[in-house]
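Engineer: For reference, the structure I am asking about is given below.
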């Protein structure tokens, strides 16, 4: 019997276009391999689409707010249909950069030092606040956003300008900038799928570097690490995946500097576009795109 897959994509976040691309790529591969597919927005028609299509599994291809922060997962739980990726609690924790960093620190996982800045509450001179707790340069980013949306590397000369850009966000995370190598690790079924190193031409692996082929970010795989260091970084990624309570596939983002691995964040809904890293890591391991998708579907469940 042909399986019916409803793909959730689009949404209202700043990562809408990436989500649409992920949904399109997954749908194309599933249709090519004989699956019945319906792509749906997470809007007022979702319940009607679920009722009429009667999917066997819901593939969550949403990114960003409402898609990977626990909200849509809570709605999907009420539908009693197996869905992919992490559940309500893990999604909400991973999306909140401050909460996830607190959990990393509690579990002795190295992560850059940080402070939280609230536009309404913090009346102190921000430069003095940073100099007291951190050191320049710093990375400034929204606490609840993905795909490096509105992430800036700042020094004293541009910190105020970039904070002004972020004024629409109540809370901002300001963390020490860690130089060094950018390495990403994919975890699947609580096991390491592999690692990939990025050499962006830009200052760091930002939104443009991730999704614009003209940015010409170099993808290096296999990663040039000693056996011991590779085991170390994949072990940290596995630990973070487990501690947060993630399911399915995740991608952990690291900086490697002075022999230390710094975990920046864990992504519960890694992209599945042509430029996405998890499919590339899987391919290097001999896992085709359709096999990766089918594994994600097979792992789907309720009460995640």
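Each residue, glycine too, has its Cβ placed from N, Cα and C.
The ATP binding site annotation in Swiss-Prot covers 131-184. Look at Swiss-Prot and you will find 253, 265 tagged as Mg(2+) 1 binding site, backed by sequence analysis. The Mg(2+) 2 binding site annotation in Swiss-Prot covers 265, 267 and is backed by sequence analysis. Summarising the annotation, Swiss-Prot assigns domain 'ATP-grasp' to 101-298 and lists sequence analysis as the type of evidence.
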Engineer: Can you name the residues of this chain that are 6 or more positions from residue 265 (Mg(2+) 1 binding site) yet have a C-beta less than 8 Å from its C-beta?
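Structural biologist: Set apart from residue 265 (Mg(2+) 1 binding site) by at least 6 residues yet with Cβ under 8 Å, we have 94, 97, 100, 252, 253.
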Engineer: How many other Cβ atoms sit within 10 Å of the Cβ of residue 138 (ATP binding site)?
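Structural biologist: If we count other Cβ atoms within 10 Å of residue 138 (ATP binding site), we arrive at 25.
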Engineer: Select the most exposed residue of 131, 152, 173, 267, where exposure means the fewest other Cβ atoms within 10 Å, treating these as the binding-site residues.
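Structural biologist: Sparsest of the binding-site residues 131, 152, 173, 267 by Cβ contacts within 10 Å: 131.
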Engineer: Tell me, what is the mean pLDDT of the domain 'ATP-grasp' (101-298)?
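Structural biologist: Taking every residue of the domain 'ATP-grasp' (101-298) together, the mean pLDDT is 88.
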Engineer: Rounded to the nearest angstrom, how far is the Cα of residue 267 (Mg(2+) 2 binding site) from the Cα of residue 138 (ATP binding site)?
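Structural biologist: That comes out at 21 Å between the alpha carbons.
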Engineer: How far is it from residue 180 (ATP binding site) to residue 267 (Mg(2+) 2 binding site), counting Cα to Cα, in Å?
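Structural biologist: Here the two Cα atoms are 21 Å apart.
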Engineer: Roughly how many Å separate the Cα of residue 145 (ATP binding site) from that of residue 267 (Mg(2+) 2 binding site), to the nearest whole number?
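Structural biologist: Roughly 11 Å, rounded to the nearest whole number.
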Engineer: Rounded to a whole number, how many Å is the Cα of residue 159 (ATP binding site) away from the Cα of residue 267 (Mg(2+) 2 binding site)?
Structural biologist: 26
Engineer: Roughly how many Å lie between the Cα atoms of residue 166 (ATP binding site) and residue 267 (Mg(2+) 2 binding site), rounded to a whole value?
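Structural biologist: That comes out at 22 Å between the alpha carbons.
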Engineer: Using C-alpha atoms only, work out the spacing between residue 173 (ATP binding site) and residue 267 (Mg(2+) 2 binding site) and round it to an integer in Å.
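Structural biologist: About 17 Å separates the two Cα atoms.
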Engineer: Helix, strand or coil at residue 138 (ATP binding site), per DSSP?
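Structural biologist: The three-state answer is strand.
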Engineer: Could you round the CA separation between residue 131 (ATP binding site) and residue 267 (Mg(2+) 2 binding site) to a whole angstrom and send it over?
Structural biologist: 30
